[in-house]
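What TrEMBL lists as domain 'Helicase ATP-binding' is 224-390. Positions annotated as Zn(2+) 1 binding site by TrEMBL: CYS449, CYS452, CYS489, CYS492. Residues annotated as Zn(2+) 2 binding site in TrEMBL: CYS458, CYS461, CYS476, CYS479. As annotated by TrEMBL, domain 'Helicase C-terminal' applies to 484-645.
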Amino acid sequence: MTDFPAGILRLALPVNLRRLFDYLPPQQVTADQLQPGVRVRVPFGRGNREVVGILIETSTHSEVPSGKLRPASEIIDSTPIVPESVFQLACWTARYYHHPIGDTFMQALPALLRQGYDLSKEVHEFWQPASSLDTTAEQTLMRTRAPKQQEAWALIKKHPDGISGEALRSMGFDRTLLKNLHQRGLTECVERAPGFQMFHENTPLLKSSPLVLNQEQAQALDAITCDQKFSTTLLHGVTGSGKTEVYLQAIAHVLAQKKQALVMIPEIGLTPQTMNRFQERFNVPVVVLHSGLTDRERLNGWLAARRGEAGIVIATRSGIFTPLHTPGIIIVDEEHDLSYKQQDSVRYSARDLALYRGQLENIPVVLGSATPSMETLHNSDTHRYRYLHLQGRAGKAVPPKISLIDTRHQSLQGGLTPDTLSAIKATLDKGQQVLVFLNRRGYAPTLACDDCGWLIDCPNCDAHLTLHRTPLHLHCHHCDYQQGIPYTCPNCQSPELSPVGQGTERTEEILEEMFGHGRHKVDVMRIDRDSMRKKHAFHEMVEKIHKGNPAILVGTQMLAKGHHFPAVTLVVIVNADAGFFSSDFRGAEKTGQLILQVAGRAGRAEHPGHVLIQTGNPEHPQLQTLIQQGYDSFARNILHERQIIGLPPFSYMALINAEAPNAQPVEEFLQVSAQQARELINVNNLGGPEGVVLLGPMPAPMEKRQGRMRWQLLLQANNRKPLHNLLSVLLPVMEQNPLTRRIRWSVDIDPQEMT
């Protein structure tokens, strides 16, 4: 180990290695002048390519020989790029999800900042009193012989929202003096744009008056706003119960305290609707952050949140890392939604990170859902979370009537029974709207030979190709492979090829033929990923729906998530109960949530709603419980079953995935890893009833995907500690396996999908 007087920079770099990298500081810079969280540009690898990393810590010694240490090229920032809380959140994320810390930090930053964009081009330094002011430090300053520092401190105290560094320097207070005040714990430096204005300088804060709350809503609001520190609340409200109004009034309470709100939503499609609700209510800047924005748009929104210009931030998953100037509350809407769990790179849950961030910021966190996840319900049952229940619909709306339609022994048109078609016709005759939900894109799930039964498969995946009609082609929804339609069966050369099953395109076509012409002439609108590819297509379609003209909406789960369609009074759910037969232990939970979320689109205004669930299994006990007794009983039954079997939330899982063009190195790698895990379990005493159990290795449910063979190794334990202790020693050993050069592998903590 070698000592270095100028210090060593320990950096997180954007590479797939679970370690920090040591560098010397640039010339005329010492490590003790730098704060953790600044970006640093360094040469990396044999080619000395320039990469941007984050300073995690400094040291005076290094394990790397002095002759091999290289100096950093540039210190990009004068102050940390993110506040301490977001810095700690990213560090914790890397630890908990056992992911390389450099890649984790890069996920937390907008693309332009990852690339090294220099913020000093567009921001000015402002100095303000520290948010956690140390009064003893102020007393110490007053006793020292530092009149210039005392004078500067007196001036900064008069500007709680900050005074520019340029103004201070013009008065004779240089940067060294200002840094001394910062090191005493008296001040902090923030970066703001020219013409900057804090959100709370807008008056009044409200544009429109809040709605009158019912008793349940008022009690929920009181419970949420009484917290001035960290707490977690589950707001469990049936669809249409007015959860959003509770959010709005809780946010108004926070804004009045000059604090910001972070509102998490699961899908980009919900952004315009949510944005409109918030902009109609509040007279403060509202920014949105999601993957559909340009790099420049994302950076602008990110900076507005960090500076305090934006009072409200509406964001999808990665927005949980958005820095806030004065955080006041975090709201996670539709907390059960799987979109909050990232499925590649660092596989974090934004919902779970929201809880840890709330703890770091010491602010309340609200989780909202009509169909809470089993984990969240279990945490409320064990009093880790406060539980608030909105059991009735807001205003004059009443819960929809739900009916099961047995599709056995019935002649179907476009996948719809005669009774369903009659109900659609009657609804349109009343001038109302119908939503037909079918969670399958395309025209038909596949193409089949009528003579020999051949089905057309994807050459890259263990899946059939989906038939699409607009344009006409076959498409794999797993790897994006596409091909034309064959004229004859490749197996028997018969020309008799027919579509099998129903997709949204086929249902749209049938309904268009039946109701898009003649006396009805209603719009039939398909809403799925294929029809909504253009940037503003979804927003334009929603505006058209909100005009309230009679129409039929045909769509996938894009329609199921939180949308408010006042004119929809009939919802038809086609084959949604197939998930009850899934091999995934979460299949029943996801299916029940989806059915109730879709059903919740019916009758949200003054007209009563009706939901028709078409099923070939009307006697299924879980479906019967869901319809007859509601989500509470349905969820309690699932929790009881999981407790008996020992599945989450009563145990904890980590899934190690590996893939390669051939199965042999993947299976061998996981077999070796399983043996290493067993040895480490014995050596570290991590077994026993509360210890770690291994399942596998085994092929993934879809073994071949995107031309690669996929295998899995599942680790499970009744407590988190032994599971994470094992991973901490196992993963470094796995990284040393020479087979890692021939495969790709990853670890998924708290996996939500086993595909």
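Glycine is no exception: its Cβ is also placed from the backbone N, Cα and C atoms.
Whatever TrEMBL says is automated annotation, not expert-curated.
Structural mapping of features recorded in TrEMBL.
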residue: CYS449; record: Zn(2+) 1 binding site; CB count, 10 Å: 21
residue: CYS452; record: Zn(2+) 1 binding site; CB count, 10 Å: 12
residue: CYS458; record: Zn(2+) 2 binding site; CB count, 10 Å: 25
residue: CYS461; record: Zn(2+) 2 binding site; CB count, 10 Å: 20
residue: CYS476; record: Zn(2+) 2 binding site; CB count, 10 Å: 20
residue: CYS479; record: Zn(2+) 2 binding site; CB count, 10 Å: 17
residue: CYS489; record: Zn(2+) 1 binding site; CB count, 10 Å: 20
residue: CYS492; record: Zn(2+) 1 binding site; CB count, 10 Å: 12
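Between the CA atoms of CYS492 (Zn(2+) 1 binding site) and CYS458 (Zn(2+) 2 binding site) there is a gap of 18 Å. Sitting within 8 Å of the Cβ centre of CYS458, CYS461, CYS476, CYS479, and not among those site residues for Zn(2+) 2, are the Cβ atoms of PRO459, ASN460, ALA463, LEU465, HIS477, HIS478, ASP480, TYR481, ARG705, GLN706. Listed in chain order, the residues near the Zn(2+) 1 site other than CYS449, CYS452, CYS489, CYS492 are ASP450, ASP451, GLY453, TRP454, PRO490, ASN491, GLN493, SER494, GLU496, each with its Cβ within 8 Å of the site Cβ centroid.
The shortest Cα-Cα distance from CYS489 (Zn(2+) 1 binding site) to any of the binding-site residues (CYS458, CYS461, CYS476, CYS479) is found for CYS458.
With respect to their backbone Cα atoms, CYS452 (Zn(2+) 1 binding site) and CYS476 (Zn(2+) 2 binding site) stand 22 Å from each other. Looking at the domain 'Helicase C-terminal' (484-645) alone, the prediction's average pLDDT is 85. Under DSSP, CYS449 (Zn(2+) 1 binding site) is assigned to a strand (E or B) in the three-state scheme.
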